Amino acid sequence: MRRTLRNPVAGTGADIASKMAGADSDDSLYPIAVLIDELRNEDVQLRLNSIKKLSTIALALGVERTRTELLPFLTDTIYDEDEVLLALAEQLGNFTMLVGGPEYVHCLLPPLESLATVEETVVRDKAVESLRKISHEHSPVDLEVHFEPLVKRLASGDWFTSRTSACGLFSVCYPRVSSTVKAEIRQHFRTLCSDDTPMVRRAAASKLGEFAKVLELEYVKSDIISLFTALASDEQDSVRLLAVEAGVSIATLLPQEDLEALVMPTLRQAAEDKSWRVRYMVADKFSDLQKAVGPEITKNDLVPAFQNLLKDCEAEVRAAAANKVKEFCENLPEDSRETIIMTHILPCVKELVSDTNQHVKSALASVIMGLSTILGKDNTIEHLLPLFLAQLKDECPEVRLNIISNLDCVNEVIGIRQLSQSLLPAIVELAEDAKWRVRLAIIEYMPLLAGQLGVEFFDEKLNSLCMAWLVDHVYAIREAATCNLMKLVEKFGAEWAQNTIVPKVLGMANDPNYLHRMTTLFCINALSEVCGQDITTKHMLPVVLKMSNDQVANVRFNVAKSLQKIGPVLDSSCLQAEVKPVLEKLATDQDMDVKYFAQEAISVLSLA
């Protein structure tokens, strides 16, 4: 059964506006009447619009009428469309000043309480978010008189929806109430942690860590630990996995000597849980857990647990653990870091490099390069480089990208020469691969690689590759190569372009293959803006103008398109003297397409 807000009351917006305005109503309230009418309209969009303008209505009515008339009207008349309720829940969270400030903020509680009990989760969550927001604006007295009774009503509601909402409100009112009320709040939270409905236990588990943070340490030990243990062994895995997250928060609150006895047995059990979702959560939160428990427990407990997670039978768990490899290794105690990595972690990492699941390999590739800075030059060359090479040749493009994206941290450790001898041949091999999609992937990494390797190294080793792609037989490669040149110029600057790139590009204008001549035009389009006016006017424009006499119509109409593209870079005298005559000539061309594009360029550049 669906809990909704009450049915709409009779009467039009104009009636209500006139009631709200009093007997001497005037035309100034007419727009408000329209908005109120829209609140009751059958069209959801109109109702939504009106809700979003609630603050306007409230401002026009003033604080007293907002409290005594608008809020009851809203509570009574809103339809139960989820979108509308969601917007209302959000608006009410910002209504404090519109009802007269913190002194009257409790007037917002009745409509938000109703919204916190509806069936749709997003509406409830938004209502709880707004309640949490306005709770801070209650004085301690108002909190006990108005807010805390609301939390109790929700916590003991018949519907699970209200009980789940209550879970999110305990932590915001607990710190500011008297000790008697605190005891009641703890009791209500305990009750909800053992509620019959899994959804309620789930909500309680998700807020357990947050609630623990506002409790006094004695109650963390006496109340929270037992609740944590119970939730972590709940029959529902969706509850158990949320308890893991709470366990990490609780571990940060307890003194070191209590951790082993109170928290670790439960977390050990979670790391070996029969449900992969729970093990996934342990892997996902592993770095936070490691920081919370400190170096001794890390060495004795977490290292073996981490090994098991890296070897887990479920790919999702292995991927989550692989993601944490670098972070875990960084946070190991310094005195034993290298030994632990070399003897316990690296063997598992070697297995993951050839994992059957691409998500696992990809997750590992995104962090594995970071190990080089931890292990130093010799270990990197001996143990890690072979793994990087294997991943660089992986069939999955994401794995290759993740390796290339992180080359800079290996470069810092082993130096560019060593890097070029080992990894660069693999990159060149991929750049010349027979499959065009592999070539395309490498082109996309090229600007990244260039930025990491520097201009001299790039010119020596990779520049010729980039130029070769411009005459590839696949159009997608030529197009990507053009875009790549633009990105390289952005990295290395216009002077580098003028000396290195531009002469080679312009040389292709005389190529016997018309497709390559067109590539020259595409390159000029891409480079004109990054190279600037001087290089474009002196070097590129003469080539484009000369190509307007090309035998092939496709080249000629691309000349018109190029002139339109580079026109904004040129100054007006150059446009008038050099570009305009050529476009006018092309506008009388025998080919329809050439004519069309020439006329379009004349119009766009305002040369008519």
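We count from 1, first residue shown onward.
Glycine residues also receive a Cβ, built from the backbone N, Cα and C atoms like all the rest.
Sequence annotations record features per position, and here TrEMBL assigns domain 'Phosphatase 2A Regulatory Subunit A helical' to 108-289.
The feature repeat 'HEAT' is assigned by TrEMBL to 31-69 (among others).
The annotation repeat 'HEAT' is assigned in TrEMBL to 185-223 (among others). Within its own chain, the repeat 'HEAT' (185-223) has Cβ neighbours under 8 Å at 148, 151-152, 155-156, 160, 163-168, 170-171, 173-175, 177, 230-231, 234, 236, 238-239, 242-243, 245-250, 253-254, 258, 262, counting only residues six or more beyond its boundaries.
Averaged across the repeat 'HEAT' (224-262), the predicted model reaches a pLDDT of 85. Look at TrEMBL and you will find 224-262 (among others) tagged as repeat 'HEAT'.
Taken from TrEMBL, the feature repeat 'HEAT' applies to 263-301 (among others). Residues 225, 228-229, 232-233, 237-238, 240-245, 247-248, 250-252, 254, 256, 308-309, 312-314, 316-317, 320-321, 323-324, 327-328, 331-333, 336, 340 of the same chain lie 6 or more positions beyond the ends of the repeat 'HEAT' (263-301) yet place their CB under 8 Å from a CB of it.
Helix, strand and coil counts under DSSP for the repeat 'HEAT' (302-339) come to 30 helix, 0 strand, 8 coil. Annotated repeat 'HEAT' per TrEMBL: 302-339 (among others), in sequence order.
If you look up TrEMBL, you'll see 345-383 (among others) marked as repeat 'HEAT'.
Counting residues 6+ beyond its ends, the repeat 'HEAT' (384-422) has Cβ neighbours under 8 Å at 349-350, 353-354, 358, 361-362, 364-366, 368-373, 375-377, 429-430, 437-438, 441, 444-445, 448-449, 452-454, 457, 461 in the same chain. Annotated repeat 'HEAT' per TrEMBL: 384-422 (among others), in sequence order.
For 423-461 (among others), the entry in TrEMBL reads repeat 'HEAT'. Residues of the same chain lying 6 or more positions beyond the ends of the repeat 'HEAT' (423-461) and with a Cβ under 8 Å from any Cβ of it are 385, 388-389, 392-393, 397, 400-401, 404-405, 407-408, 410-411, 416, 469, 472, 474, 476-477, 480-481, 484, 487-488, 490-492, 496, 500.
Distant neighbours of the repeat 'HEAT' (501-539): 467, 470-471, 475, 478-479, 482-483, 485-486, 488-490, 494, 546-547, 550, 552, 554-555, 558-559, 561-562, 565-566, 569-571, 574; these residues of the same chain sit at least 6 beyond its ends, with a Cβ under 8 Å from one of its Cβ atoms. Under the heading repeat 'HEAT', TrEMBL lists 501-539 (among others).
Annotation comment: TrEMBL describes 540-578 (among others) as repeat 'HEAT'.
Annotated repeat 'HEAT' per TrEMBL: 579-608 (among others), in sequence order. Below 8 angstroms of C-beta separation, residues 541, 545, 548, 553, 556-561, 563-564, 567, 570 of the same chain, each at least six residues beyond the ends of the repeat 'HEAT' (579-608), sit close to that stretch.
Contact between the repeat 'HEAT' (302-339) and the repeat 'HEAT' (224-262) is not supported, since fewer than 3 Cβ pairs fall under 8 Å when only residues 6 or more apart in sequence are counted.
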